[in-house]
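A.B. asks: Got a structure for you, questions after.
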Amino acid sequence: MKKKIKVALIGNPNVGKTSVFNALTGLNHKIGNYPGITVDKKSGVAKLDDEVNATIIDLPGTYSINASSEDERIVLDLLFDPTNEDYPDVAIVVADIENLKRNLLLFTQVKELGFPTVLAINMADHMEEKGISIKIAELEKKLNTKIVLISAKKKLGIQELKQAVLDYKNFSIEPCLNATAVDTEFFSKLALTFSNLSVFKLWMIYSQDIKIGNIGKKEIEAKGIHLSENEIKKLQHKKTIKRYQFINDALKETYSRDVNKASDIRTKVDRILTHKVYGYLIFFFIMMLVFQAIFEWSSIPMDWIDEQFANLSTWVHEVMEPGKLTDLIADGIVPGIGGVMPFIPQIAILFMFISILEETGYMSRVVFLMDKLMRPFGLSGKSVVPLISGNACAIPAIMSARNIENPKERLITILVTPFTTCSARIPVYIIIIALVIPDTRIFGFLSIQGLTLTLFYLIGFLAALVSSWALSKYIKSERKSYFVIEMPNYRTPIIKNVVVNMYEKTKAFVVGAGKIIFVLSIIIWFLGAHGPGERFENAEQHITEVYQDKEVSEEELSEHIASYKLENSYIGILGKTIEPVIKPLGYDWKVGIAVLSSFVGREIFVGVLGTIYNVGSGDENDEDGRIKQKMAAEIWPDTGQPVFTLASGVSLMFFYAFAMQCTATVAIVRRETKSWKWTIYQLVFMTVLAYVAALIAYQLLK
Amino acid sequence: MQYKLNLNKVSTTLDLLKRNEKGVIADFDMHKVPLKLLEMGCLPGNAVELLEVAPLGDPIYLCINDTHLSIRKELAREIQVELVG
Ligand SMILES: Nc1nc2c(ncn2[C@@H]2O[C@H](COP(=O)(O)OP(=O)(O)O)[C@@H](O)[C@H]2O)c(=O)[nH]1
Ligand SMILES: [Mg+2]
């Protein structure tokens, strides 16, 4: 059997950890990113040589072992918990060659924890251009570590990195400096409390209030150690200064940078992107571009996928024996899944843009531009990242709020992020817009449908802002807020990173949504194809009698039978029961069922409607199984008016704009806030708001 | 980079720097500045330059000790700098 070791990638944000991870592991990733489970760390397998495989763990970026945000806390927790299944045998500290000084701070801490450590200095492809020279052998000696120069982008040094990791047993695990010298008296007292742990670990337990095994802050205090908050802080500051002194010394003779070569592209681009007019214009323009692209680029692949599922349904009817199973597959599962899959192109495009914006370094400029604007709403510039990512999916967005150090701002951001228009709303919006908004253009190029979509994105964003303003008045803040954010250099994105990210996120959506829809469409098909009592059983006989004297074609007759059956099926009865509640919003009971089942996830709405309408259409060899046509053809039985009108359509869109229709988000909010109270407040508030807004929209427009 | 301090040095606080003005961090009250900022290189003796001010006047965009970062003025106010000629 192959030997397996565990390797953690640790480093500052934006130094290329994920790129190194991708370069080491190819596409063998494991991420738990959807319903309920979340990505704290991404792991993958790298083949080091013929005998040894390594499980590589990509950790969130951190500037220091001293955690100041939830994200950094994850790194701290892992490195201090030997019982954790991901506890590494080897640490690779990834550093950016352009900012070695700051990157080495974290390195000295990781090394002091006693891990065999490799220092991977990344972005070596920039060396020449920036006039950087570095004496590896000497630096290795000073830092007492193995160093590998790499470029994740150009795939340089990856092999050497693997070789280095293989040799981990021979590494020195001694710290590279003695930081306890800042207060020898105190630290030697601390060292005596528990002699089985290193003094650095004891210090971290004490200052960060964490536990290793059963040793925590209390246990250390019980042994006579007492420092006030201020004294702890002072020591932390002193140690930081001490570390930087050591780093400066180490780099003095080994690292040099030609100041004249420092490029000024960054300065020029910054001037434009943070300009008081162009800055905002460009931001607005980019957002417009994203939304137009979602609509325009995806229409061809969408139609194509849609068609394939319709064909598939017909094909199943043709080749399989007629019977229950065939019906289940052709009328239940295929249309259910086929209702959601056409949205893959849109979701992929959205994730592509978000990943490019992050990779290039533009997101930080947005944070910089928006900070002051967000403050009156009780948010900070950092809330912009979750709010923008929320346009892809609320789950990673809510997790990205971990970067916000201030607890109040973080809580508010988490609570309002689900208002932003996540990709699961796209299926609902697109199909409703296509049905009720005319396909015309103004100025010859701006499509009204596209504008409507943009408008609903804005509505979501405004709802988030207004509610956070209200929340900020209500929630008390116990800690003073501060705002420190790095402005990374501009970089051309690595295509592989973008593709991997796009692929993973889209896959998570398809698998996550697909699983639920698969189960739901079976249930709904079953409930729709069966019913209690006589009326369902005798549908055929009953309808034939009713239409006995009237002239109806064979086809029409079977339609009538099918819809009578549906009405008297289990699902019909259930739908009729809730109809009084949803009728004021303009929905019939079929739409009601779809709204109700999409509590699990918004995207399910279309799939469920697909199943319901297919069960309800008597025609077995339905030529045109497209869901859109079916929705357009739906009428109210009593008035003969179409179900999907401007009024009911807009009402539906408002409902989906505000309602918390996603159990996975509820779960993640609970996890991230660690509070049922806030989770339930959020759920109730959003649902009530959605109902009221939909009600008003319908009553005004009808 | 070590800058030689001028004899007629001018002391001010970080939030009062103008665009492209350079200085050296002098001192600050450790209790008012988060550890994170220190860890990112904001330490006495390090060089600092103000690169941009956000359109609405806040936050500011700095280069400290080769690290580019952005902080709000309320925090910058706590940090003393000596201007470099
Ligand atoms: N030029 C260059 N850019 C790189 C290299 N490695 C990563 N990048 C870029 O650096 C940015 C941050 O990379 P990422 O892997 O997301 O960093 P992480 O935040 O540490 O995971 C991205 O824009 C990458 O394309 C490299 O070796 N050379
Ligand atoms: Mg990363």
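From the backbone N, Cα and C atoms, a Cβ is placed for every residue, glycine too.
The GTP binding site feature in TrEMBL is assigned to A:11-18, A:36-40, A:58-61, A:122-125. The feature Mg(2+) 1 binding site is assigned by TrEMBL to A:Asn22. The Mg(2+) 2 binding site feature in TrEMBL is assigned to A:Ala23, A:Thr25, A:Gly26. What TrEMBL lists as domain 'FeoB-type G' is A:4-171. The feature transmembrane segment is assigned by TrEMBL to A:277-295, A:333-357, A:411-437, A:443-471, A:508-528, A:646-668, A:680-701.
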A.B. asks: What is the interatomic distance between the Cα atoms of the residue listed as 'Mg(2+) 1 binding site' and A:Gly11 (GTP binding site), given in whole Å?
C.D. replies: 15
A.B. asks: Do you know offhand how many angstrom separate A:Gly11 (GTP binding site) and A:Gly26 (Mg(2+) 2 binding site) by C-alpha?
C.D. replies: 20
A.B. asks: According to DSSP, does A:Gly26 (Mg(2+) 2 binding site) fall in a helix, a strand, or coil?
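C.D. replies: DSSP call for A:Gly26 (Mg(2+) 2 binding site): coil, neither helix nor strand.
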A.B. asks: Taking Cα atoms as reference points, rank the binding-site residues A:Ala23, A:Thr25, A:Gly26 by distance from A:Met123 (GTP binding site) and give the first.
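C.D. replies: If we rank A:Ala23, A:Thr25, A:Gly26 by Cα distance to A:Met123 (GTP binding site), first place goes to A:Ala23.
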A.B. asks: Rounded to the nearest Å, what's the C-alpha distance separating A:Ala23 (Mg(2+) 2 binding site) and A:Lys17 (GTP binding site)? Just drop the number here, would you?
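C.D. replies: Pair distance, Cα basis, whole Å: 10 Å.
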A.B. asks: Neighbour count, 10 Å Cβ-Cβ cut-off, for A:Asn14 (GTP binding site): what number do you get?
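C.D. replies: Around A:Asn14 (GTP binding site), other Cβ atoms within 10 Å: 19.
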A.B. asks: If you draw a 10 Å sphere around the Cβ of A:Met123 (GTP binding site), how many other Cβ atoms fall inside it, taking every protein chain shown into account?
C.D. replies: 25
A.B. asks: Can you work out which residues elsewhere in the same chain, 6+ from the ends of the transmembrane segment (A:680-701), have a Cβ less than 8 Å from its Cβ atoms?
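C.D. replies: Tertiary neighbours of the transmembrane segment (A:680-701) are 415, 418-419, 463, 467, 584-586, 646-648, 650-652, 654-660, 666, 669.
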A.B. asks: Under 8 Å, at least three CB pairs between the transmembrane segment (A:277-295) and the transmembrane segment (A:443-471) (pairs 6 or more apart)?
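C.D. replies: In contact, yes.
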A.B. asks: For a quick check of packing: other C-beta atoms within 10 Å of the C-beta of A:Gly11 (GTP binding site), how many?
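C.D. replies: A count of 29.
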A.B. asks: Work through the binding-site residues one by one (A:Gly26, A:Pro60) and point out the residue whose CB has the fewest other CB atoms within 10 angstroms.
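C.D. replies: Looking at the binding-site residues A:Gly26, A:Pro60, the Cβ with the fewest others within 10 Å is that of A:Gly26.
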A.B. asks: Any residues 6+ beyond the ends of the transmembrane segment (A:443-471) with a Cβ under 8 Å from its own?
C.D. replies: 288, 291-292, 294-296, 376-379, 383, 387, 390-391, 412-413, 415-417, 419-421, 425, 429-430, 433-434, 437, 653-654, 657-658, 685, 689
A.B. asks: Is any of A:Gly11, A:Lys17, A:Pro60, A:Met123 (binding-site residues) within Cβ reach of ligand 2, i.e. under 6 A, and which?
C.D. replies: A:Lys17
A.B. asks: From the binding-site residues listed here (A:Asn14, A:Asn22, A:Ala23, A:Gly26, A:Pro60), select those whose CB sits under 6 A from an atom of ligand 1.
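C.D. replies: The qualifying binding-site residues are A:Asn14.
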A.B. asks: Would you mind listing the long-range same-chain contacts of the transmembrane segment (A:411-437), meaning Cβ under 8 Å and 6+ residues beyond its ends?
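C.D. replies: Sequence-remote neighbours of the transmembrane segment (A:411-437) are 294-295, 339-340, 342-343, 346-347, 350-351, 378-379, 382-383, 386-388, 390-394, 397-398, 401, 404, 448-449, 452-453, 456-457, 460-461, 463-465, 467-468, 471-472, 475, 509, 513, 598, 601-603, 605-606, 627-628, 631-632, 644-646, 649-650, 652-653, 656-658, 660-662, 665, 669, 672-673, 678, 681-682, 686.
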A.B. asks: Inside 10 Å of the Cβ of A:Thr25 (Mg(2+) 2 binding site), count up the other Cβ atoms and send me the figure.
C.D. replies: 21
A.B. asks: So, in DSSP terms, is A:Gly11 (GTP binding site) helix, strand, or coil?
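C.D. replies: Assignment for A:Gly11 (GTP binding site) reads strand.
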A.B. asks: Under 8 Å Cβ-Cβ from A:Lys17 (GTP binding site), six or more apart in the same chain: what's there?
C.D. replies: A:Leu9, A:Ile10, A:Gly11, A:Asp58, A:Leu59, A:Gly61, A:Val94
